[in-house]
Amino acid sequence: MLNMKSFALLMLFATLVGVTIAYDPNGKCGRQYGKCRAGQCCSQYGYCGSGSKYCAHNTPLSEIEPTAAGQCYRGRCSGGLCCSKYGYCGSGPAYCGLGMCQGSCLPDMPNHPAQIQARTEAAQAEAQAEAYNQANEAAQVEAYYQAQTQAQPQVEPAVTKAP
């Protein structure tokens, strides 16, 4: 375990050599502390965790401080965007999807554009897979019948001569 003095020295050293430590050992998050571990959200009070106390807060947009273009602040994004596990704001499965979101996640907002987009993309992928399976099955049936037709001996009808 690191004591505070060791931790401070480690942070100073990391800053001097240009290394950043991804996670705060005390579970804090936000601009000063960094991001939460995968699967966790940054609460409105700047602590990492999971569940509605951490992930379902509604920080007013005025409290979300501007950051570098497209980056999250305390696990939150303005404009209704999701904060990805990598600390960037956006919409769609890469930002809002299960296991991809660290904050401003939208599991309980089924009509949010990002959720609609994620469902639409999933439905399109499922429809494409179904169409492929049906086409593949039809091709297999056609090949089977062609093989059966070619394998059967051709019998010519008997020709009868008139007396």
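Note that Cβ sites are derived from N, Cα and C of the backbone, with glycine treated the same way.
For Cys96, the disulfide partner named by Swiss-Prot from the candidate list Cys72, Cys77, Cys82 is Cys82.
Cross-referencing Cys55, Cys89 with Swiss-Prot gives Cys89 as the cysteine bonded to Cys77, criterion being a recorded disulfide. Partner cysteine of Cys29, as given in Swiss-Prot, is Cys42 (from among Cys41, Cys42, disulfide bond).
Within the set Cys48, Cys55, Swiss-Prot assigns Cys55 as the partner of Cys41, by disulphide bond. Taken together, the residues in the domain 'Chitin-binding type-1 2' (69-107) have a mean pLDDT of 75 on the 0 to 100 scale. Per DSSP, the secondary structure of the domain 'Chitin-binding type-1 2' (69-107) breaks down as 4 helix, 12 strand, 23 coil. All protein chains considered, the CB of Cys72 (disulfide bond) has 29 other CB atoms within 10 Å.
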